[in-house]
Structures are given as C-alpha cells and as structure tokens.
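Report on the following structure.
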Amino acid sequence: MMRTLFKSKIHRATVTQADLHYVGSVTVDAALMEAADLLPGELVHIVDIDNGARLETYVIEGERGSGVIGINGAAAHLVHPGDLVILISYAQVDDAEARAFVPRVVHVDADNRIVALGSDASAPVPGSRTERSPQAVVAGG
C-alpha cells in the first residue's frame, strides 16, 4: 500500500510578487527550495493564511537569497503581494517508509529568511504569536 504524506512546508512565507500574465507556477528562492527539499517542477499546495484560498501548482526556482515567493498566472487572482502563505509538498511512500518518515518544516521571517528548521508540523513559528493546537500530540511526548 502507498500512502501520501506531508513531506515538507515553508511556513508563513510572505508573497513578494504576483504576475497574472505569467504562464503559471510559484517562483521560490532556491535556498528555501533546498531547505524544504523541493525540486523545480514539483507539485505544491499553497494555502493563503490571509484569505483562506487554497491552490496547487508547481515550483520554479528563484534567485538564491532573494526571498522571492512569486505567485504566477491565474493564481494571482487569489494570492497577492504581502499575503502570508504556506507552501506544502507531499510524498507517496510505502507503508514501511511512512512509519519512519520525517518531514521538513521551514520557518521564515517577514523577509522569507530561514529562522528555524524542524520536522514537527504543528510546532509554533519561533518569535511569532502562533500556537500549537491544544489537541495536537507532540511527537515523542
């Protein structure tokens, strides 16, 4: 049996640009892609924290160190510069691998610089007002 699991996320990134007339995708700083184990062309889901929009698209590599999170194409109707978003990727793994799988969580600041790396999908963002859900079980706890 194959299972689809949360593989990685870039949490609370700030959208830096939106280009309605581009052919599609999301442009992501190469350093963020590396930290989140994302490849060019990889499927990601984007969740807009500000307005609740959810969409899926693919990743295009952006300039390393630029902090770019650029929404391209029709998605620019839903997600705008300044919006906070979560970029989420998934992996299909067999049952045995799923039981030992460790995801990657990339926390960024307002300029999309990495402030923390982890593997706990429910961990609060360091230095923010975010909180862990009171119903979440802490791994290993």
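Cβ coordinates come from backbone N, Cα and C, glycine included.
Some features that Swiss-Prot has for this protein:
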type	residues	note
ACT_SITE	Ser25	active site, schiff-base intermediate with substrate
ACT_SITE	Tyr58	active site, proton donor
BINDING	Thr57, Gly73, Ala74, Ala75	substrate binding site
MOD_RES	Ser25	pyruvic acid (Ser)
REGION	121-141	region 'Disordered'
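Recorded features from Swiss-Prot, shown on the structure.
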{"residue": "Ser25", "record": "active site, schiff-base intermediate with substrate", "Cβ within 10 Å": "18"}
{"residue": "Thr57", "record": "substrate binding site", "Cβ within 10 Å": "18"}
{"residue": "Tyr58", "record": "active site, proton donor", "Cβ within 10 Å": "15"}
{"residue": "Gly73", "record": "substrate binding site", "Cβ within 10 Å": "16"}
{"residue": "Ala74", "record": "substrate binding site", "Cβ within 10 Å": "13"}
{"residue": "Ala75", "record": "substrate binding site", "Cβ within 10 Å": "21"}
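The subset of recorded positions (Ser25, Gly73, Ala74) lying with their Cα within 10 Å of the Cα of Tyr58 (active site, proton donor) consists of Ser25, given in sequence order. Neighbours of the substrate site: apart from Thr57, Gly73, Ala74, Ala75, residues of the same chain with C-beta atoms within 8 angstroms of the site's C-beta centroid are Gly24, Ser25, Val26, Leu55, Ile71, Asn72, Ala76, Leu78. Cα separation, Ala75 (substrate binding site) to Ser25 (active site, schiff-base intermediate with substrate), rounded: 8 Å.
Residues of the region 'Disordered' (121-141) grouped by DSSP class, helix first, strand second and coil last, total 0 helix, 0 strand, 21 coil. Ala75 (substrate binding site) falls within a helical segment according to DSSP. Looking at the residue listed as 'active site, schiff-base intermediate with substrate' and Thr57 (substrate binding site), their Cα atoms lie 5 Å from each other.
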